[in-house]
Amino acid sequence: MRLTPHGAGGAGPHRSQNRDRSLGSRPVCGTEGCAPTWPEHTGPAGLHRLLEDYLEAVDGIRKHLLAKSEPRKLTFVGELNHGRFSAKMDHLVCFLPGTLALGAHHGLPAEHMELAQALMDTCYQMYRQMETGLSPEIAHFNLHHTKAVKDVQVKAADRHNLLRPETVESLFYLYRLTGDRKYQDWGWEILHSFNTYTRVSPPVSPGPQCPALGGRVFWGGGGGASGWQPSRGPSQHCDAVASALEQVPSGGYSSISNVQDPRHPQPRDKMESFFLGETLKYLYLLFSDDPDLLSLDTYVFNTEAHPLPIWAPS
């Protein structure tokens, strides 16, 4: 298995079985970078080396890190901790469906696309199975046949959402490369949840529903399809909105601390730069039906969503 262990410097043939293996934040660029780099690499020897590294890494993932959850049989990428498998998957790992799909688009085995689609469904379920429709930072998957238990389990320390881009990034790739509109639909659901639970606006329109806030409150910049509707009778959301407005009085989008509590998502008064630079950019591209808008045949996106033209030697 050629997966970069935690603590190792960069990608490479680090094969010690005593090290932890995952596709989380520390080793992510080794595997995430290979496929996007390969189409624009100019040297035949370097191209072959990158391709071998990438294929070996994917093979290691398939052999050692893949498992299926219960009851929906979701395919997920776990971790090896000192040789023991852990059914833990960071949201960061949701870059992988897009990477696999891009590789298949450039001629790698069709089974890579099959795995990409299976993992894409899992990443979507990490959102779908949460009460707010937003994924936790880290998910743990149920491996046991137990009634009334969801596939995606969340620990208290992991139930925050930082507005990360990885899932919508992969949705963009899957939609562009398959044309299946369900990926647009999934992205729209996620955007709706961002607007409902992470977008913050100051109070508007005087009214009796939330006296402490001076009137009606819209979460999502005006209600409608993108946010909470004005209160009808005693509002269930006044306390949560009041708390949010105290923390983020000027509006914007905020990370939240609890994706399992739609009444009290606990905004953190912090919007990461990648939300604008990556998350919203990929959502914009996902909703475009113009395949020539930053075409994946002429541009490659780096890990920070910057599009770079693919240089074709004459």
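Including glycine, each Cβ sits where the backbone N, Cα and C put it.
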Open item on the list: Which one, Cys34, Cys123, is listed by TrEMBL as the other cysteine in the disulfide with Cys94?
Closed with: Cys123
TODO: Determine, to the nearest whole angstrom, how far the Cα atom of Cys123 (disulfide bond) is from the Cα atom of Thr303 (Ca(2+) binding site).
DONE: 18
